[in-house]
Amino acid sequence: MEEKRYLKRKEKARSDGNRDQVAVSCNQLGDFYNQQGKYTDAVREYVQEAQIYASMGKELETAKAKRMVGEMYTLLCDYDAAKDHINDYLKIAKRLKNQVEEQRAYATLGRVHLLHGQSLADSSASGSMEQLKLAEKNFLRSLLLIKDLSGQISKLEQLDMQARCYLNIGVVKEHMEAFQESIEYIDKAIKISKTHELWDLTHLCYISMSLLYICKKNDATAALRFCNMALEVAKRFPNKVKKICETLITKAEILIKAGDFASAKQILTKAYKKNTPDENDRVNIEKQLRIVVKVCQTLDELVLTSSVDYAKLKGLYEKLGDGCCHLMNYEKALTYYQKMLENAELNQESGKSLVPIYVSLYQTYRDNGQFDKALEYLWKEFELNQDAPSEAFTTLCTIAEICEQQSHPFWTVHDVYQKALRQADKAGSCSDKLVKIAMVRLRRLMLKHNMQVLVENLEADATAKGIDLDQEESVGDDEEESDGGGTAVQQNTPDWDDDFDLATLTDSDASDLDETEKPRPQRTTRGNRTLVIKKNNKGETQLHQACISGNLELVRRLIDQGHTVNVRDHAGWLPLHEACNHGYREIVELLLDKGAASAINDKGGTSCDGITPLFDACSNGFLDVAELLLDRGADATVRTDYNETCIAGLDKWRQGAQLVDGEQAQYAQLRERLLRTLSKVGICSDKNARPLTNFNAKRISREERGSMSEEEDEEEALHESNRRSLSHNRSGSEYGAKKSKSSTQPSASKEYRSVMAHLKRPNRLNDDPPSTSTLNKHKRNAFLSEDEVDADNWLIDDVGPERKRKRINSGDLSRRTSKENFQDTALSLPANWEDDLLQATPENEYSQRQKQMRKLTLSRSSSMSSNHSSSATSSRKKHQATLLDSGFSRFRSESPLGSESSQDGTTSLISVRTIEPDSTTSTIQVLISPAKSSPIKVQATPVLATTVSFKVKIQDELLLVPIERKKLQDINIRWLAEEAGRRYNKLTGLTPLLRLKTADGFAYEETDPVSVALEQNMLMASILDWKISPLSQRYEEMCLQMQKTVDNKVKLLLERSQNNNMLELSGLWMRAEKTEPIFKALLHQARLTVLDLSCNFIGNEGCQQLAKSLPTLLQLKALRLQCNAIGSHGLEALLCGQGMDKLELLEELNLNQNPLGNASVRILSKYCASPAGQALTCLQLAQCELTELQDFDLGFNKLTRFDISFNQLTQQSVRRLTDQLNSCRLEQLNLSYVRWPLDDASGFALSERLVTLFEGGTCERFVGVQLAGCGLNDAHMYNISQHLAKAKQLQMLDISDNSNLSGTTLGYILDELPQLRDLLAVNCTNLLDDIRLQKLEQLKQLPRRLELTVDEQVFSMPGALETLQSIWQLQFGDKAKMLTTSNSRKIGRRYKGLLKLLADGSDAE
């Protein structure tokens, strides 16, 4: 309808001759088609618009229309056309000197290059990188222009442009795999957009960061954190439902990839029930949700299935694997399929029954890019299918396809197809069809490898069988797909998208309990009085507060009066979370009965780190609460956003607890219950197999703490500030429960002990149970009276919600945003009670209190509210606001103040509370009189903290250095730098020499007092040098630390390296466990220039160890890892590890004789393109199982020494290699034995490429050239020798195993290359004949070393070898020697074999 209206307007404008209106109509139609996804139609309209404006001379409008044409072509993936139109747009903008449009043009052009680079990522690595660099260049130009736009556009538009440029550059850096730079740029975009409330852009940045962490860094925790932030921003939009659903889709995908299907189900159900207006998103959500629901149902069934019912377990694991494949979580699918195979074997299944499992495994390994494993299971399937020729044929065709895809040698793939043909001949009725398919594919393979002779033979065979291969080529693929392995896939994969009533999902699946957006149910009671649900400034309702304080009766009354059960505070916590976190089992049970069961697996709001009530209970040691939740249906498989399971939280609590036998048994029983559930669904690892005891919990805790100082404990508390748990003293609670209920007035001794306990642990929960006298004294009404409501703590929020602080972890301190309860008790103590207390307090206890006070000041974990007084007469009236509402919190001060005498001469005691301030206030002490419940009116005096902590950043470590306030003027910056270095040493074992700077880079003098840095939020430390022990001493220290034996031979070599900065550990055949202390000792040995580890067995594991130290060897120029059993995974860990960009001087990389495989080529390309690879000039890859170099660039153009010998390269790879190598720079080149297959055609093609290589440059720098086994002939060698004649420093030439060479070549070499010292021509039997022997006599200069294969039968004259020997001795004197490899001449036979002619016999090997 809308389209017709636009078309009608366009026709009317055209008939009226109004070209302006026609252009406007074209623009409107183009926008309409763009929104509908009809990009071709949009292009047509925008082109018309541009033509009309161009004919009218309106250049700016023409430029804008061309930009839209370019954007449409971009969406159609026609990037070249898009670039043409946007470049036109850019030219017009420049001509008009319109900087705003010029900036937009550069940004648009950068986006086209970015998308083009993404599209080339899988096909052409070099092309992709080129496009990404162009994108970066254009985005940077766009960024530079923004600064010149001041005054032309508003400040907000300018900032929006700047932030978008930073985001775009960040995305480019992500695709260039410069992840750290990408994060830095996106962070800049986030800061600008958040500061200036550009929420749409902020949301986009958070989503980009989330995808970066999950897709590139595989860090689900960070990805979820950014996703949660995006979710908070999405709630600000007018179209928030659409944005929220988009964000929830991303969050669900992250959880699916992490294998947390229960959490993904909650998120997708929430998204489904929001009913996004975007149809594509709605279909995607529904499809994903159906699959996830079925996976969760299968997991539930799996938990209930007997562990010996192998047949049922096999079926369930198969369903789970299929579901994970549909969700594209192939890693998890492989885990389930392996378990399926295990259960099939336990069920005594064998033979054909295993085929579906092998099919599932190979398909999934193939989808996951693990082709070697896929081939392994394909061959197993083939072994079982040999009696079924058609199935065996399909399997072999798949094997050949994968081998061809992985660039396996031609003959390997050829042999597989030959086997397939033999199986096709046995296939009976479908034999002809299968033979056609095999022949078509085999012919395609031969043509790809230029096997013309084989193609002709195959076509002749096909013709003899009545098959026209040209005709069958077009239909071969269709028949293959219809008759191939598709049936097996369909049988193996159930229909996961069949009908399932999503409306049956309950609210418990939705986890969408944000009651603030829904009308609250209000219950009308007698007298039309209703319960008004109020929230304090933390968002806590009366029910939250009652659950925190453990008031069961109040909880029951609030619910009966209509209080919503599932209501969130500002941070996202439910009352159920609070009750579980504080361990009130009766309250938990009541809440579950009254409607909280729907939220039993709730993960809180976006600020709650995905913590469920069950995790709350487990991590705080409330075992009975955890058992209750499990009995009522809590899902133990739900993980937090930090990927922690309930069992991990339980074990973390157990490490800090001492349990008696009964408690230990309860803990072990609960743990076993959780472990049984988690292990069945494949979550728990073997390390969690045994429960902790008091003994090993202490040991583990000691190992984790190690040698941490008090201040490091504070650092740990800050580091864990985003986590939370409630410290709970179990023994104290039990003690409190045993007290006599009738005793309402404690004795003085008990009061004294209570005071001492609070002084020692000011943050500890009150262990005494709340007094029940008041509750028993009065009969409760059905309603809350005005006096029963703690009016001081309730303030109607008319300012807007204050973000509730996240729960934090501070060791033994409370790590919860909920308020702690303290009773303020009037103590009847003597007048000199202060002196007695101070004398009774040991010095170490005082220091312990100081430490805890510092922790409280640092963490400021929560605002802690007071309980009602236990006195029946204490009541408070409602005031407008209280200190607590202003953000203050309370805990007991470390020491009481002195008493004051009353007017009548009696002594009255004043109890003291220190109210912890927020960031804008000082500490306030409030004095409480025993005779009154209200504070005494005294002047509040600020009390400064006794210590000041400086934050210092050293590389990637953040340190806190506390200093007593009174010493600030006596300590200088030098002391602070030394102390920070000492603490860094405790963390890493290395001591740096530091210079401290401000955050913006201004350096302090060493003599400056430390007080000048008080205003700095963080100090940056630059490392001037390292205090490092000699390498051999470091090795001994590492061996001692790791409890390994010191190898004296290694130690001696390490000592030698100190003299020449070259560490040579070649030929020791050490494995990874032996090299680990060596690699740790290498950390920060910055003067080391050469590291030679040739001929060891470090493998991939050793590479991971070395990768930690390698970036710190800043002067390293040569890394030799020849013959170390290193694969592609080890190479990736080594070259793509964090910090490798700092290794900017590495010139030589020797990886010879390692099974790297083709997968390593991408890794090497990435490394060579990085800053660390820019200095690389020597690359050695001999015998590394390489066959296909694809389009990757290993920095060939800048190499001076290159060795890729003994790798069977394809002709296409050789062509690309010779095109990229630079003969102007090369000094050493080894291309021996790289051709494949070994036929005349490939030899000729390789020789032609070699000639092209030498012709492409000056060849002046060559010192050594090795071309053995390259299929060279005389013509090729003539051309090559002509070019090598320019290399005046040429020392060695190896042309061995080129059997087509004749004596003519030897003549060329001796004439053209007189500077040659070594000539190797082994197995070139036709090289030396009578003519060449005479030529040798005439030459004045010969190579000093000549290795030839000689056949005396070639010579017509007798005594050819004697003549040769005399020539040699005449040239080089008595030291010259001729060596043979057999004694045939001594027994009168003619000699045939290797002949070595040496100028100096002492050089003989």
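From the backbone N, Cα and C atoms, a Cβ is placed for every residue, glycine too.
Record features, source Swiss-Prot:
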{"type": "COMPBIAS", "residues": "469-483", "note": "compositional bias 'Acidic residues'"}
{"type": "COMPBIAS", "residues": "813-822", "note": "compositional bias 'Basic and acidic residues'"}
{"type": "COMPBIAS", "residues": "841-850", "note": "compositional bias 'Polar residues'"}
{"type": "COMPBIAS", "residues": "859-874", "note": "compositional bias 'Low complexity'"}
{"type": "REGION", "residues": "465-535", "note": "region 'Disordered'"}
{"type": "REGION", "residues": "695-753", "note": "region 'Disordered'"}
{"type": "REGION", "residues": "806-827", "note": "region 'Disordered'"}
{"type": "REGION", "residues": "841-880", "note": "region 'Disordered'"}
{"type": "REPEAT", "residues": "23-56", "note": "repeat 'TPR 1'"}
{"type": "REPEAT", "residues": "63-96", "note": "repeat 'TPR 2'"}
{"type": "REPEAT", "residues": "153-181", "note": "repeat 'LRR 1'"}
{"type": "REPEAT", "residues": "203-237", "note": "repeat 'TPR 4'"}
{"type": "REPEAT", "residues": "245-278", "note": "repeat 'TPR 5'"}
{"type": "REPEAT", "residues": "314-347", "note": "repeat 'TPR 6'"}
{"type": "REPEAT", "residues": "439-465", "note": "repeat 'LRR 2'"}
{"type": "REPEAT", "residues": "538-567", "note": "repeat 'ANK 1'"}
{"type": "REPEAT", "residues": "609-638", "note": "repeat 'ANK 3'"}
{"type": "REPEAT", "residues": "1113-1137", "note": "repeat 'LRR 4'"}
{"type": "REPEAT", "residues": "1143-1166", "note": "repeat 'LRR 5'"}
{"type": "REPEAT", "residues": "1287-1311", "note": "repeat 'LRR 7'"}
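Mean pLDDT for the repeat 'LRR 1' (153-181) in the predicted structure: 90.
At the 8 Å Cβ cutoff, the repeat 'TPR 5' (245-278) and the repeat 'ANK 3' (609-638) share at least 3 close pairs (sequence separation 6 or more) and count as touching. With a threshold of 8 Å between CB atoms, the same-chain residues lying at least 6 positions outside the repeat 'LRR 5' (1143-1166) that come near it are 125-126, 177, 406-407, 1094, 1110-1111, 1113-1128, 1131-1132, 1135-1136, 1172-1190, 1192-1194, 1201, 1203.
Note: the repeat 'ANK 3' (609-638) comprises 16 helix, 0 strand, 14 coil (DSSP; helix = H, G, I, strand = E, B). Panel annotation: around the repeat 'ANK 3' (609-638), residues 224, 260-263, 299, 574, 576-577, 579-581, 583-585, 588-589, 592, 597, 599-603, 644-647, 649-650, 652-654, 657, 663, 666-667, 670, 673-674, 677-678, 681, 683, 722-728, 730, 806-807 of the same chain, lying at least six beyond its termini, place a Cβ under 8 Å from a Cβ of the stretch. Per DSSP, the repeat 'LRR 7' (1287-1311) is made up of 9 helix, 3 strand, 13 coil.
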